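Over in Swiss-Prot, the protein carries these features:
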- ARG93, SER94, SER95, ILE96, GLY97, ARG98, ASP111, THR119, LEU120, GLU121, GLN138: dCTP binding site (BINDING)
- GLY108, PHE109: site 'Important for bifunctional activity' (SITE)
- GLU121: active site, proton donor/acceptor (ACT_SITE)
Amino acid sequence: MILTGKEIQKRIGKDIIITPYSEKQLNPNSYNLRLHEELLIYTELPLDMKKPNLTKKQIIPESGLLLKPGILYLGRTLEFTETHHLVPMLEGRSSIGRLGMLVHVTAGFGDVGFKGFWTLEISVIQPLIVYPGVEVCQIFYHTLEGQITEYTSGKYQANQGIQPSMLYQDFEK
C-alpha cells in the first residue's frame, strides 16, 4: 500500500526524514522534491561499466540552463531523505514529463533504510531550459510485509551529493 500525504506528514521525523521539509510540497500521496543547482555530465564516451567514468560539474544558473537531447545529466534532489520501515520510490512529476524531461532512467526504487540525496538520471527528448529549485519529482512510500532488513552497506548509502555510477565496483568482487 502507498502512504497518503497525511500519513507521510504523520511519520516525518520518525520513519521518514526529509530535510529541508515544507508542507507546501506535500501531495495527497507523495511529496515533491526539488532539483539542486549542480549537475554532472560524463566527459568521455563511450562509458565503460568496468571503470570509473569521468564527469564535469555544471551549475544551473538562476537564469536557467538549456538541456539538450542525447546527453545524460546527473543531478540530485535538494532534499536529503532517510526512510525506515518503508520502501521509498521516486517518480517524475507529470508536469515535468509533459515538457519531455525524464528524471530517472531506471533508479526510481529505493531500499528500506536508504539515506542520502537522490541522484537523478536526467534526460530530455527536446531542448528544455531548467532552473534550480524546481520541483521535478515526487517521493512516495510503500509499506512492507514480513521481516525488515535495512539497507546499510550499499555504494550509494549516506551520499553527500551526486553519485555517478559505481557499477565498476561490482566487477572488483
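Heads up, the Cβ atoms here are built off N, Cα and C, so glycines get one too.
Since we're looking at a predicted model, the values are computed, not measured.
Reported as a whole number, the C-alpha separation between GLY108 (site 'Important for bifunctional activity') and ARG93 (dCTP binding site) equals 12 Å. Cβ packing within 10 Å was compared across the binding-site residues SER95, GLN138, and the lowest neighbour count falls to SER95. For the pair GLN138 (dCTP binding site) and PHE109 (site 'Important for bifunctional activity'), the Cα-Cα distance reads 12 Å. Taken residue by residue with DSSP, PHE109 (site 'Important for bifunctional activity') is part of a strand. A distance of 18 Å separates the Cα atom of ASP111 (dCTP binding site) from that of the residue listed as 'active site, proton donor/acceptor'.
Across the recorded positions listed here (GLY97, GLY108), the residue whose Cβ sits among the most other Cβ atoms within 10 Å is GLY108. A coil conformation is recorded for ARG93 (dCTP binding site) in the three-state DSSP classification, outside any helix or strand.
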